[in-house]
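**Student:** The following block contains the structure, expressed as structure tokens.
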Amino acid sequence: MQSKGTIISIQFLLRFLLLWVLIGKSHTEEDIIITTKNGKVRGMNLPVLDGTVTAFLGIPYAQPPLGRLRFKKPQFLTKWSDIWNATKHANSCYQNADQSFPGFPGSEMWNPNTDLSEDCLYLNVWSPTPKPKNATVMIWIYGGGFQTGTSSLPVYDGKFLARVERVIVVSMNYRVGALGFLALPGNPEIPGNMGLFDQQLALQWVQKNIAAFGGNPKSVTLFGESAGAGSVSLHLLSPRSQPLFTRAILQSGSSNAPWAVMSLDEAKNRTLTLAKFIGCSKENDTEIIKCLRNKDPQEILLNELLVVPSDTLLSVNFGPVVDGDFLTDMPDTLLQLGQFKKTQILVGVNKDEGTAFLVYGAPGFSKDNDSIITRKEFQEGLKIYFPGVSEFGREAILFYYVDLLDDQRAEKYREALDDVLGDYNIICPALEFTTKFSELGNNAFFYYFEHRSSQLPWPEWMGVMHGYEIEFVFGLPLERRVNYTRAEEILSRSIMNYWANFAKYGNPNGTQNNSTRWPAFRSTDQKYLTLNAESPKVYTKLRAQQCRFWTLFFPKVLEMTGNIDEAEREWRAGFYRWNNYMMDWKNQFNDYTSKKESCAGL
């Protein structure tokens, strides 16, 4: 039986513990209520590794673009009086989900995981604990071809990066597809680039408010992947964006890529085509806009897919345009003139950038087999991916990427089409962007990511795919419940450190002397660092010959064959057919010779 003294001691201990819990609870709640320029927001503490991170999810940064605000630039937010509960992700912006492979995690992981709504202009903040003072800020911009994407995806969770590197991570939703990029250039009611103006307003929000979260508005680095990287590089070119950030990281995308910016005429034609499809063909722009604003967003989504021919792949239906406001000229021109923010950039690409696009309609390709394609299927693939290119242009690609190599392996056409798409759309534009940037004396760093994740659900032949460095940038391999390897955790920690060092100091090496120094990229030697699970190495002039083909030779071929008459066209077509016959004969003869030699040895 317990003594009276023991009971009193236990009661005292319980009261003390209860008091400690209450004090701790109130202290924690007080810590996670932040006062912004628009009002107070409540966040939450998340356990991360051996500590915590404070997360604020779903903070509004603009008025909902509803009704008369549809298709317009985002409007500044008014103040609220209550405490905004920022403890769960907000709506995703309206978009078409990828339904090509239902239930397959490789494609489903990129689909929106919150409700779709036009009321979607919200951002997220992850801050290390205890609350920092003047911490570097890293703002993530998601990709998705300007057609899809949301900041709430698990692969974009900022908690590990905030915890390990003690930076503040911010991400925002922005409008995509027709609702974000429909354009009647020159008309303020539907100016185009609304999604980019959304991003820009989020950057302004960070400048005004991030100090309240412990961040330094004078140390802000933008980073993004694919169309997100294209967006980041457009902010480098946009005079109104340039004062709103410090540095930039571009992962597998740049604004000078062929898909990143469309002409004014093309943008207007697509807007009028969409209007026609949904019954909004009117006599003037005012009536068209009024009609489009009254349409259900789901109807707009369904019809925006029809604007580009179905046999065209890798097409951005609605994307950035030269509006004279956000973007004053084509990116190539601005780069040539040196009209971009003078700062430091970190740029890079993945080893197999093209494969992710091949399983979405290229002849002979499938995620369920090895996709060993024929010469004819390769040629059909070129027609789909280069719809406006002449036969002679496509034959030049075939000759350079296949015939010139005299490769006898069965995989040669599959690998060649991967290289063609990756070089043309991602790798060579990124290298060209970095080269132009560095020529004016700006510090640039370039990486080549070559590790295939052990958790990748796509088939082995697809290699180190477009988009699959992101999980390492955000530290997902540090999550013990997911079965990444120890080497992958080390790689992820290394990449997070490189990215954070660059954000803090403008140099991925930081202030420490590591075993392998990441050298600056100069236009003369073009040094770059490989990122893998073994050991990083420094090389020079990545894909230099292939990029010369796209920047120098290929445009000349198109120029020289653009105006040939029909007789010469027929003669050349006949010559190429003869050349194909000769290639087949050569292959059969080599096969015959090989068999003859093997028989002679019997």
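For all residues, glycine too, the Cβ spot is worked out from N, Cα and C.
Features from Swiss-Prot:
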ACT_SITE  SER226  active site, acyl-ester intermediate
BINDING   GLY144, GLY145  substrate binding site
DISULFID  CYS93-CYS120  disulfide bond
DISULFID  CYS280-CYS291  disulfide bond
DISULFID  CYS428-CYS547  disulfide bond
CARBOHYD  ASN85  N-linked glycosylation site
CARBOHYD  ASN134  N-linked glycosylation site
CARBOHYD  ASN269  N-linked glycosylation site
CARBOHYD  ASN284  N-linked glycosylation site
CARBOHYD  ASN369  N-linked glycosylation site
CARBOHYD  ASN483  N-linked glycosylation site
CARBOHYD  ASN509  N-linked glycosylation site
CARBOHYD  ASN513  N-linked glycosylation site
CARBOHYD  ASN514  N-linked glycosylation site
SIGNAL    1-28  signal peptide
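Looking at the shown structure, what environment does each listed feature sit in?
**Tutor:** DSSP classifies SER226 (active site, acyl-ester intermediate) as coil under the three-state reduction.
When secondary structure is read from DSSP and collapsed to three states, GLY144 (substrate binding site) falls in the coil class.
In the three-state DSSP classification, CYS93 (disulfide bond) falls within a strand.
If you take the C-beta of CYS291 (disulfide bond) and look for same-chain residues 6 or more apart in sequence within under 8 angstroms, you find ALA275, GLY279, CYS280, LYS282.
A helical conformation is recorded for CYS428 (disulfide bond) in the three-state DSSP classification.
Other C-beta atoms found within 10 angstroms of the C-beta of ASN85 (N-linked glycosylation site) number 13, with every protein chain shown included.
Packing around ASN134 (N-linked glycosylation site) is summarised by its Cβ count: 12 other Cβ atoms lie within 10 angstroms of its Cβ, all protein chains included.
The Cβ neighbour count for ASN269 (N-linked glycosylation site), using a 10 Å radius and every protein chain shown, is 13.
DSSP assigns ASN284 (N-linked glycosylation site) to coil in the three-state reduction, placing it in neither a helix nor a strand. Around the Cβ of ASN284 (N-linked glycosylation site), the number of neighbouring Cβ atoms within 10 Å comes to 8.
Under the DSSP three-state reduction, ASN369 (N-linked glycosylation site) is assigned to coil, being neither helix nor strand. A 10 Å cutoff on Cβ-Cβ distances gives ASN369 (N-linked glycosylation site) a total of 10 other Cβ atoms nearby, all chains included.
Listed in sequence order, SER454, GLN455 are the same-chain residues at least 6 apart in sequence whose CB falls under 8 Å from the CB of ASN483 (N-linked glycosylation site).
Note: ASN509 (N-linked glycosylation site) has non-local neighbours ASN501, ARG517, TRP518, i.e. same-chain residues 6+ apart with C-beta under 8 A of its own C-beta.
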**Student:** Just to verify: the residue among CYS93, CYS120, CYS280 with the fewest other Cβ atoms within 10 Å, which of the disulfide-bonded residues is it?
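**Tutor:** Among the disulfide-bonded residues CYS93, CYS120, CYS280, the lowest count of other Cβ atoms within 10 Å belongs to CYS280.
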**Student:** Near SER226 (active site, acyl-ester intermediate), which residues of its own chain have a C-beta under 8 A away, given they sit six or more steps off in sequence?
**Tutor:** GLY143, GLY144, GLY145, GLN251, SER252, GLY253, HIS466, GLY467
**Student:** Work through the disulfide-bonded residues one by one (CYS428, CYS547) and point out the residue whose CB has the fewest other CB atoms within 10 angstroms.
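**Tutor:** Ranked by other Cβ atoms within 10 Å, the disulfide-bonded residues CYS428, CYS547 bottom out at CYS547.
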**Student:** Would you count the other CB atoms within 10 A of the CB of GLY145 (substrate binding site), including those on all shown protein chains?
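**Tutor:** A count of 20.
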**Student:** Whole-number Å distance between the CA of CYS93 (disulfide bond) and the CA of ASN85 (N-linked glycosylation site)?
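**Tutor:** Given the Cα positions, CYS93 (disulfide bond) is 20 Å from ASN85 (N-linked glycosylation site).
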**Student:** Any idea what the Cα distance is from ASN85 (N-linked glycosylation site) over to CYS120 (disulfide bond), rounded to a whole Å?
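**Tutor:** Taking the Cα atoms only, ASN85 (N-linked glycosylation site) lies 16 Å from CYS120 (disulfide bond).
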**Student:** Measuring Cα to Cα, tell me the gap between ASN369 (N-linked glycosylation site) and ASN134 (N-linked glycosylation site) in whole angstrom.
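**Tutor:** A Cα-Cα distance of 52 Å.
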**Student:** Could you measure between ASN284 (N-linked glycosylation site) and ASN269 (N-linked glycosylation site) for me? Cα positions, answer in whole angstrom.
**Tutor:** 14
